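As recorded in Swiss-Prot:
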type: ACT_SITE; residues: Lys115; note: active site, N6-AMP-lysine intermediate
type: BINDING; residues: Asp38, Lys39, Glu40, Phe41, Asp42, Ser87, Leu88, Glu113, Arg136, Glu170, Lys282, Lys306; note: NAD(+) binding site
type: BINDING; residues: Cys396, Cys399, Cys414, Cys419; note: Zn(2+) binding site
type: DOMAIN; residues: 586-671; note: domain 'BRCT'
Amino acid sequence: MAKKTKAEDPKKRIITLRKEIGRHNDLYYKENAPVITDKEFDILVKELQKLESENPDLADVSSPTAQVGSDLSPQFSKFKHKVPVLSLENTYNETELSEWLEKTGIEENYSLEWKIDGASILLYYEKGKLTNCVTRGSGGIGDVVTENVKTISTIPHTLSEEMNLTVRGEIFMTFADFEEFNEEYGGKFANPRNLAAGSIKQKDPLDVAKRPLRIYVYDVYFSSSRKGINTHKDILSLLKKEKFPLAPDTTILTGKKLLREIESFRKKKDKMPFPVDGLVIKLDSLNLRESLGETSHSPRWARAFKFDALLKESTIEEIDFAIGRTGKVTPRAKVTPISLAGTTVTYATLHNQDYINQLGAGIGAKVLISKRGEIIPAVEKVTFPPKTIFVLPNQCPSCNTKLTKVDDSVDFFCTNRHCPERKLNQLIFFCSKKQMNIEGLGERQIQIFFEKGWVKDIPDLYTLEKYKPTLLELDGFGEKSVKIIFDAIEKSKEKDFRFTLPSIGLNEVGPKVTEILIENGYDSWDKLLTLSKSKTANEDLKAIHGIGPRTIEALLTHLKDKETLKLVATLKKLGLKFQADETEKSDLQPFVGQSWCVTGSFENFQPRDLAMDLITKHGGKKVTSVSSKTTHLLYGPGAGSKLDKATELGVKLVTESEFLDLLKQEGIAID
């Protein structure tokens, strides 16, 4: 989590929190791999909300407090939701909930229902026919996954009347179905929530149909008149009449009775056949809902009551360490196996030495284990102390290098760049889907090649074929799988600077920094090398919006580092591209001499970079920030500070409809 330092400047803390919350949103919604609990996440959000309210001059519509997390994926077509799909504000105790009920109306009726831990989905019906199934996405725009969702047999494809409405539900998997499916596939999936969320994003509906997905629906948005539907109870009756599957135990009761009923739900939680992480409480009256309205992030008429993470006792048997690709050392406890949230837990994270000291943890200690967000096992509390508190060794367990702390970090690092475990994790990172995407080279395969000495560093991947005869003799490496690996390695050479630079794992140089460098003319390794030799390198980089002092220092250090220079030179000789591919140019060049920036969301350009691609293809220049040199700003709903700055500077403002008219006038077709 983003750790607060004493007397930290509010502006710096706000920036830190926004970045940290954005990272955790991506891990949860896009990667299905959260690393903190929901409660820890909400603590960060509440701190940011407080700071933003105390410092209104630092408000920003792009702040995560003004948006919902996004699960948008580039491979799916996009759909603009007819009503914003908001998230719920969370509460973790009865006192907070009681205060909200008093404010909203303690005597009013509320619905109380399970909060299922799955994947949110919206079912769009036009004239009674199911036309689109769409993920929540960013809240304004979602991914169209219609054919995948239609494989769930309990979803009605036709309603009894020609109604136009949107049904919201949650796609999930029961614990029993998950265990059976996961066993069949070698235990490769972490939990039901991840598998359900990943399943609806599969490319082939036939693959989705093999997965035991289920759905419960819980709300309806009406396109026009509600036709006598005045309460949530009426909505549930309509859904039941149309034969939609509804979650068990949903009840309507007054605010006073609701507080008493929560305890009975809490007792049932661990016996539920599907994953739940809390309760949803909503005002029953739709008219009252409309009068209360919503914020940009959540409705004022609903709350999520989140259960604290499930805890179980176990004993620490051993403590070992993971060494990441950056050298960060993470201790983890091997514990007596326990069953927790439907899975067997044998390891739990201990984070760092400071955390171990705070807990008083060590070998032999009895501890409480939680599954963070019911996903990440962690040691939460010591219930019976060990003989001695565990102390990290002074030396790296992989290479015996002395461990050190970097700057003010609470973590220890192995600084040996040739540490075997660091090298192994660098290789895994390089081959991963988000980096060079070398199919067939997962963690297991890379570890085998690494242990055999075939692949010790990134360049060795591109000479691996010399071991092909021996490789084919290994169990699990047939002709077909080996061909996939070598084809993928060769195909990775087609990736340009946008991928090669961030994939080699240079500290502070990720995809975003790489894109900013390219946009500002540093579109190759050679140009960066030339820059590094300039006396004005520091000043030139400082002039680029989006690149801070820490990144500048790291980048210039990398560009003078002998090992980094040797690595890139070797990879270039092996055929990898360290220059950005030129954007395809058209004979039509109406945007020559123009610099365009983009902000907001768009109906016809999803993602919005598609609009910028058209501009660069037809002679224009794309910029990431508004300045006096910017000639045009293309803006849509949700435009923030860029629109204000462009207005102040007199930059020409262009709406989506105006942009479409301009393209039409110039004879430019949208691909």
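Glycine residues also receive a Cβ, built from the backbone N, Cα and C atoms like all the rest.
Keep in mind the model is a prediction, meaning the values are calculated, not measured.
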Among Lys115, Cys399, Cys414, these being the recorded positions, pick the one whose CA is nearest to that of Lys282 (NAD(+) binding site).
Lys115
Cys399 (Zn(2+) binding site) in three-state DSSP notation
coil
Zn(2+) site shell beyond Cys396, Cys399, Cys414, Cys419, criterion: Cβ within 8 Å of Cβ centroid
Ile323, Gly327, Gln395, Pro397, Ser398, Asn400, Thr401, Leu403, Thr415, Asn416, Pro420, Glu421, Arg422
Cβ-Cβ distance under 8 Å to Leu88 (NAD(+) binding site), same chain, at least six residues away
Val280, Ser298, Pro299, Ala302, Arg303, Ala304
Students should find that the Cβ of Lys115 (active site, N6-AMP-lysine intermediate) has, within 10 Å, a number of other Cβ atoms equal to 21
Can you tell which of the recorded positions Lys115, Cys399, Cys414, Cys419 lies nearest to Glu40 (NAD(+) binding site) in space, using Cα positions?
Lys115
Cβ neighbour count (10 Å, all chains) around Cys396 (Zn(2+) binding site) is 23
Taking just the CA atoms, what is the gap between Lys115 (active site, N6-AMP-lysine intermediate) and Cys419 (Zn(2+) binding site) in Å?
45
Lys115 (active site, N6-AMP-lysine intermediate) falls, by DSSP collapsed to helix, strand or coil, into strand
For Asp42 (NAD(+) binding site), the three-state DSSP class is helix
Do you know which of the binding-site residues Cys399, Cys414, Cys419 has the most other C-beta atoms within 10 angstroms of its C-beta?
Cys414
For Cys399 (Zn(2+) binding site) and Asp42 (NAD(+) binding site), the CA-to-CA distance in whole Å is 39
Number of helical, extended and coil residues in the domain 'BRCT' (586-671), per DSSP:
28 helix, 15 strand, 43 coil
Quick one: mean pLDDT on the domain 'BRCT' (586-671)?
83
Can you tell me which of the binding-site residues Cys396, Cys414, Cys419 is spatially closest to Asp42 (NAD(+) binding site)? Compare CA atoms only.
Cys414
